[in-house]
Every structure is written in structure tokens, then in C-alpha cells.
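Written below as C-alpha cells is the structure these notes are about.
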Amino acid sequence: MLSCDICGETVSSEPDMKAHLLIVHMENEVICPFCKLSGVNYDEMCFHIETAHFEQNELERNFERINTVQYGISDNRKDSSLQCRADINSSVHSACASNQPKISAQSLPKDGTLKHKDFYSENLTESRKFLKSTEKQSDRTKIKESIYETMYSPPECPFCGKIEDNSQDMETHVKTKHADLLDTPLEDCNQLLYDCPMCGLVCTNYHILQEHVDLHLEESSFGQGVNRVQCSRDLELAQQLQQEEDRKRRSEESRQEMEEFQKLQRQYGLDNSGGYKQQQLRNMEIEVNRGRMHPSEFHRRKADMMESLAIGVDDGKTKTSGIMEALYRYYQNAATDVRRVWLSAGVDHFHSSFGDKGWGCGYRNFQMLLSSLLQNDAYDDSLKGMSVPCIPKIQSMIEDAWKEGFDPQGASQLNDKLQGTKAWIGACEIYTLLTSLRIKCRIVDFHKSTGPLGTHPRLFEWILSYYASEREGSPKVVCTSKPPIYLQHQGHSRTVVGIEEKKNRTLCLLVFDPGCPSREMQKLLKHDMEVSSLKQLRKFVGNLKHKQYQIVAVEGVLSSEEKIARRQASQVFTAEKIP
């Protein structure tokens, strides 16, 4: 269809348009349909309409084509042409409106028209200027058009999400498919209304509401799915971090446990670093390297040690004898602050050597106790032909007692092996060894303090009752026939050889410590013994503050039947507890 630029009439073909122009406009007087301009030919009228009234003339004729440009349906070349014409028309129309003089009713001719020469001369110049300016703006228009087309997206239905090609199709879709939603509910009517529980939209149909809510749920499920994926990833990461932390913790615990185990092995001499012989040789070599021992002395001592180990008898190089006799003389002639003192039977002091330094206190205390028993005729039957054994021999004797069936729990703890190790021994091993020799003894466990500040006054009272059967009427110095007492606490052991009672009734133990070297003990052998020399022997109540103490006290000789009974009882080892 073709439309006449002058009157707007539409014809079906180009020949019809030519006939229309000839008959209607060229043969008759041409009059502007907008401003009544007349007296011009056809070409001039077309130019006038194109420049002065293009917007009014094209508004209805190009409405559809302009919409097509806005929705991006036409090709780029046609869109650019139409957009350019629309811009030109708008600008020319505004230019005409601003530049042409206002025409009042009095200035118009009686027939209501304007002559060509009155109008043409005023607007022709402005029209030509505008056409030149539009040529410069055409390139900008094309750029704007491409940007607009790039940013455009097809319209989407707000109810169901369907996408249409243009706004007219979308409007048709909404009117046909969602007409119920477009109706405004009437007041005071009985029509049921359905509110969306999520966004508050009012629907007149339950099925429409259901579709609308389904859209909400789809969006929500998508978001929840994303959240679930994220949560799953977070949970997986948290589990990995927890597993890594647990692995590191277990590894650290295993490392610390191994270090503690190795420390205990070294502490108790079970680290396979050798026993008495190896340590003796190693320490003597160190002394030679430091210049403290001559090589000839090293070889002499090594030979003596090998001989001692071969016969199983202590070489006596760490022994100090005669101390008990020296103590008796001292208390008889001095010690004015002492009310009464009880001394054990004769006993030799043994101290640690290069071979057992740091772990041999239990063995040295046994040597002290055995040295006293060997001087007592009451134990000759049990200790017939025995001498004070060396430390490796004592280890062998304890292993033999385990083999007889004594203290299986203790044997298991030490892997049934003492020889060739630096394993410590305590009250249980001393009891086991003495019982296997048919020496009657008892273990008393002072498992907790019985006095203020962690002291053990009950321990002192028990030792006093052991040595002093009758305190009143006895002389100041009492030399008893009782053997010394083995005294054990955590990490160390000593031998109790007597007890003092001060004039203020306080008690003080006299103990031999295997950690005290011979040169210090020999100071007690002097006739003019000083009080300061006794300081290393005296232990008051306030000096013994360990949490637990155990003592092994000898009480006589066992018969063969009693030995068997005690061996059976040692299967589950128990001790007398005080308190």
C-alpha cells in the first residue's frame, strides 16, 4: 500500500498513486492540509510538507514502522533510515515551530490560506540549514542505534515468563492468556480472591495462584540447591580440616608417648645401652681422656672389675667399715642435745661407683643390709658361705628368685631380665631377694603423709618402735641387734641405721646414703668427730616430705614351709599400709 504525502490517502499501486496525484493535486490548486498554504506547485508543496509538517504527516503512517525500529525487527539499513527520518522530522518540526512567526486569525486571508511567497521565503533558509546539520548527525544516529539494539532484550511475560518477539505480541498474549489477572476486583462482590503467601499478589483463580506460587518455589529450590551445594562443600572442607587436625594430634601424641617411653627406659635402665660393666668401662675411658686417670690405673681397675665379675663378689672399693662403732663412741662422749639414741647392728657403707652411678642405689642398699646380716650369727644358716655380691651378681640372684616363682608381676614389668641392664630395683625386689634367701622380712607402705606440710611422723614412730622395745630405763646409747632398715621413696633409696630422740622429744633418723662418697663417710671415723660430720646422716621429720615411703624391715629367718607360703602370697603382691 502507498500513502499520499499530501493528503494521506492510500492506494494499492504506484500507477494508482500517479493518477491520484495528477487528478487530485496537480490539476487542482495545491493546498497544504495542515497550514492552508496554497499557490505553489506539487514539488514545492512536497518540500514544504517534508520540512514543516513532517511529524504530523508521518505520525499515523509510520507508527507501525517506528515501533518495529524500537523492537529491533527490521534490518540495520532500514532501521537507520527510519530513525534518521524520525530525528530529522522532529528537529525540523521544532525548528519550524520556533522560527516561524506566530500567525493570528487576523493575519490569515479570508479564505484561511497562506500564500506561497509569504511562507516560502521565511522557512526555506531554515529548512536548508537543517538538512545540512542532519547530514552531520547521521553517523551519531547510527552509533546510537547499534548501542540500543545491543542493550535490548525481548519482552518477557510477568505472569508465566514466556518471551515474545515484540510488545504487541506480548500484549496479545497477556490479554488472551492472563485476562483474569488484568481484571480489577470489584468491591462488595462475592468473588473469591487468593493472596500469594510469598509476595502478596492477589489472584482471582486458584489455578493461576498455584502456577504463580510454583514459579516462586522453582526460584527458591534453585537458590536452596545452590546453598546445599555450598553447604556440602563447606562441610567437606570442615571434615577435611578436622581429619587433618586429628591426624596431627595423634601423630603428636604418638611422638610424645614414644619420647616418654624412651625417657622411662633410660631412667630405669631398660634402653639397651648396657649394664654395670659397659658403664664402668665407658666412664673410666672418659676419665682417662680428661686426664683424671692414668692409663695404667685404667687397666688395673679394669682387671680388678673383671675378676670381681667373674667370682660375683664385690671388690670392696666403695665400702667404708667401722662407722657404727665410731657413732657409738661419739654418742657416749658428746651429743649433749641427744636424750637417747638407738643404733642398728654393725653395717658397712657402700657408695656408687663408675659402673652404677645414677641407678645403683637399690643394689648398694642391699649390700649394706646384707653386710649387717652377714655379721649376725642368727642368719648364718640362711647365708652360709655367702659374701657381699657385686651388682651383676645381685641382678642374677633376683632373676633366680623370679624363676622360683616370686613376684611374677614385678618380673613381667622388668621383662624378666636385669643382667646387662641398668634397671632400678625397689622395695619389692629387695623383699623378693631376701625371701628367696629365707630371710623373714616385711614391707610397710606409708602411702600418704600423716603430719603437717606433707611430713610422715608415723614413719618415725614406727622406726622408733622397731629399734626401741623399752625406752624408759635404757642407757643413752643402745646398740641393738636389729639389722638396718631399707627405706625407699620415689627415685632413690637409703638405709636407716638408727634413730635419735632429742631432749625436746623430737625424733631424728640416722641414714646411710649410697650417694655419699667414701671420703665423706671416712670423716666419721675420726676420734674427734665434729657435729657437722653427722649432718649428712641426720634426717628430721621436716626432711622427709616425699608423697610415699616404703620400708623393708628384717625380722628373722624363715623355715622352708614359710618360704613356700610367702612365695605363693607374692603372686599378688600386697604390703602393709600405714595409715
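Placed from the backbone N, Cα and C atoms, the Cβ positions cover glycine too.
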Where Swiss-Prot places zinc finger among the ranges 131-154, 155-178: 155-178
Per Swiss-Prot record, range annotated zinc finger [choices 2-25, 506-529]: 2-25
Cα distance (Å, whole number) from Cys361 (active site, nucleophile) to His492 (active site, proton acceptor): 7
Cys361 (active site, nucleophile) versus Lys263 (N6-acetyllysine) - Cα distance in angstrom: 19
Euclidean distance between Cα atoms of Cys361 (active site, nucleophile) and Asp513 (active site), Å: 8
Reduced DSSP assignment, His492 (active site, proton acceptor): strand
C-beta crowding around Lys263 (N6-acetyllysine), within 10 angstroms: 11
Number of other Cβ atoms within 10 Å of the Cβ of His492 (active site, proton acceptor) across all protein chains: 15
The region 'MIU' (227-249), counted residue by residue under DSSP: helix, strand, coil: 23 helix, 0 strand, 0 coil
Residues of the zinc finger (194-216) by DSSP state, where helix covers H, G and I: 11 helix, 4 strand, 8 coil
